[in-house]
Amino acid sequence: MPADTLLATDVSRRRLLAGGAAGLAALGLPGRRASAARPLIVGFIYVGPKDDYGYNQAHAEAAAMLKKTPGVSIVEEERVPESDDVSRTMESMIRLDGATLLFPTSFGYFDPYMLRTAAKYPNIQFRHCGGLWQKDKHPMNTGSYFGYIGMCQYLNGIAAAHATKSKKIGFVAAKPIPQVLVNINSFTLGARSVDPAITTSVIFTGEWSMPVKEAEASNSLIDQGIDVVTCHVDSPKVVMETAERRGIFACGYHANQSKLAPKGYLTGAEWNWITVYRQFIDDALNGKPIPNFTRGGLAEGFVKMSPYGPGLSDAGRKNVDSVKAEMMKGGYTVFKGPLKDNKGNTVIPAGTAYPETAIQLESLNYLVEGVNGAIA
Amino acid sequence: MSSATTAAVLPDAVPARAADSWYPLRRALEAVLAPLVALGVAGVLFSVFLLCLGQSPLDFLDLVWRGAFGSWFSIQNTVQRAAPLLLTALCVALPGQLGLVIIGGEAAVVLGGLAATVAALPLVHGGPFLVLPAMAIAGIAMGAFWIGISGWLKARLNVNETIASLVLAYIGLALFNHLVEGVLRDPSSLNKPSTYGIGDGNMLDTVPWLDVHPGLPVGILACVLSWVLIYRTSFGFASRVTGGNVRAAQLQGLPVTRLILVACAIGGGCAGLAGAIEVAAEYGRANASLNAGYGYTGILIAFLARFNPLAIMPMALLLGGLTAAGGLLQRHMGLPDATILVLQGLIFVSILTSDTLYGRFRWFQPRGTA
């Protein structure tokens, strides 16, 4: 769909009026919006608080940067559950605010809520973070974007390997789903690329956001002797704070958490969503179509590493820097055969390699050798 | 608690009805005015709160109106959020007649939804006329069973039903997650563990003409039937007597154990039905979306309605409307999501406090008796 329809909502409103029953709904639209120079109204929807030091903050920081763009107006709503509530929020943004480009950022918003709403509003553009958009299955006014953050977790693993003394590192994970498993495996493979004796202990909390369980998991990992921890939960705040209080090292995730652990923070895997949003909004303003399927890694500027903390040695910094430089060239492969899972089965035979772009990684379902933990 | 239930019991036992024919009207007026005054007080307190934040209360009212009731879309939005709350509030209000405080409705909702899905799975090719009744029965049965456990523990072992139902809610949610992420999981639901779907063709459509959530007519019917049950049947009368004074009820030979079990089972059945409807109308499968807090908001509504099933309806609309407007407030006033919780808290406290107003003003009392 050409993006010029994005700006022509007055036309779509007339169409709505012509649509009989839907005309009733248009009565609720305030008249004062019918001014001449309409900005592009962009809606951001977050599953948690905007200042969670994590997943939602990473998106909200990019949205805050966009607010300064002329001709663009941003509306945001936080703590919207992954239920029919999000359909209602999207519709409310479209009907009451006049939004024409929506970013529902949480994973569970995609199917069925965003897809259903998109089918109902074919003139509105929807782009979702993390979903797997497929041309033959999903509407053309929808799409998905995501970043290869597993690469950054691999770099986290290298940093962790240089900091650990006990050769035991830890991972606090939310749910055993592919995106999380890729991170656990990448972190472990990164650490074991430095020292194959290192093992990762993982605890699944079962929830995206459950601070009490995250604190318990961190403490119990530390009690088991790990001395570097990272995580994949919506807000890494509790894990980072617990690590700092117990005097161990930590690698961040989602956003920069160095403030929470000034002594122990080694580095972190961060999203850099502004790259994606800037491109999408430029496309919309210039009347170009917004891409439906967008993926990128370190080289594309979709993800980045936090600045190094004081805990990381010079040797460690050099090691991370050199691997990162390789990754920036593109085509760096973390998952390559022969690779065994932690039950001893060969999961990738010798000679096969899955680079960051491999779609197979988006349905990964094992923990690699060197991870102590089990899926479900 | 007991003040609320005794207040609900007492008026029927008023002697002077014949002498003062206006009394029933004044009594009804009192019942309407007290919560309205409380709402006004909450509104004033909240305005002070907004002024402290440097926001205009009038803008706030305007946005709430636009977001909750100002257009057909907003009304649909409000009704959709209110529909499941009607049923979950009954899960608190029905046992509440017996003086029980059941707060574990959330587990009845999710397990009811799960049971309904499981019942639907073998029948997916049988069409909606086979699938939907099976789902309703399974959801009601599961909810009745789950809340029935708390009732049984109370009636037989005198375990505090509030604690029991709360703890059982945690167990229920854990069980739900275990099953959905384990044996009942559809392996293709990669990043959001879910059960297999009941099939798009079997799903419950919105109400014809109005395009509102199908839970709404069911919820209204359930509220009306519950009102009849409580105020127009001997079961309801016995329940209210038990709620007023258990010892007196036992002395009268009322079957207290059975009353508790039945009230808990009906209440739980309502919550289970809410879960089944959410699956049938919204999700098409059971997953973590079911755990949306309807069970907990239902507690709030039941208390606001002073356990009166008819009063549950406006209260559910009020809270549904506030939630519906919540997003607009965030987007236009830059207020955090928790602002609506502050308002809900103020409303809750003022309405509960307004309970003490009943009977304080002589004008509302029966007259003409010597």
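Cβ atoms here come from the backbone N, Cα and C positions, even for glycine.
TrEMBL: automatically predicted annotations, no manual curation.
A quick note: this is a predicted structure, and the numbers were derived from the prediction, not measured.
What TrEMBL records for this protein:
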- B:28-53: transmembrane segment (TRANSMEM)
- B:98-123: transmembrane segment (TRANSMEM)
- B:129-149: transmembrane segment (TRANSMEM)
- B:161-180: transmembrane segment (TRANSMEM)
- B:218-238: transmembrane segment (TRANSMEM)
- B:259-280: transmembrane segment (TRANSMEM)
- B:286-305: transmembrane segment (TRANSMEM)
- B:312-332: transmembrane segment (TRANSMEM)
- B:338-358: transmembrane segment (TRANSMEM)
Contacting positions for the transmembrane segment (B:161-180) when only residues 6+ beyond its ends and CB under 8 Å are counted: 95, 100-108, 110-111, 114, 146-147, 149-151, 153-154, 193-195, 264, 286-288, 290-291, 295
Sequence-remote partners of the transmembrane segment (B:28-53) [C-beta within less than 8 Å, at least six residues beyond its ends]: 60, 304, 311, 335, 342-343, 346-347, 349-351, 353-355, 357-358, 361, 364
Other parts of the chain folded back onto the transmembrane segment (B:218-238), taken as Cβ under 8 Å at six or more residues beyond its ends: 82-87, 90, 93-94, 97, 249, 254-255, 259, 262, 266, 270, 273-274, 277, 308-310, 312-313, 316
Within-chain partners of the transmembrane segment (B:129-149) [C-beta distance under 8 Å, separation at least 6 from its ends]: 91, 95, 102, 104-105, 107-109, 111-120, 123, 164-165, 168, 172, 198-199, 202, 204, 261, 264-277, 279-280
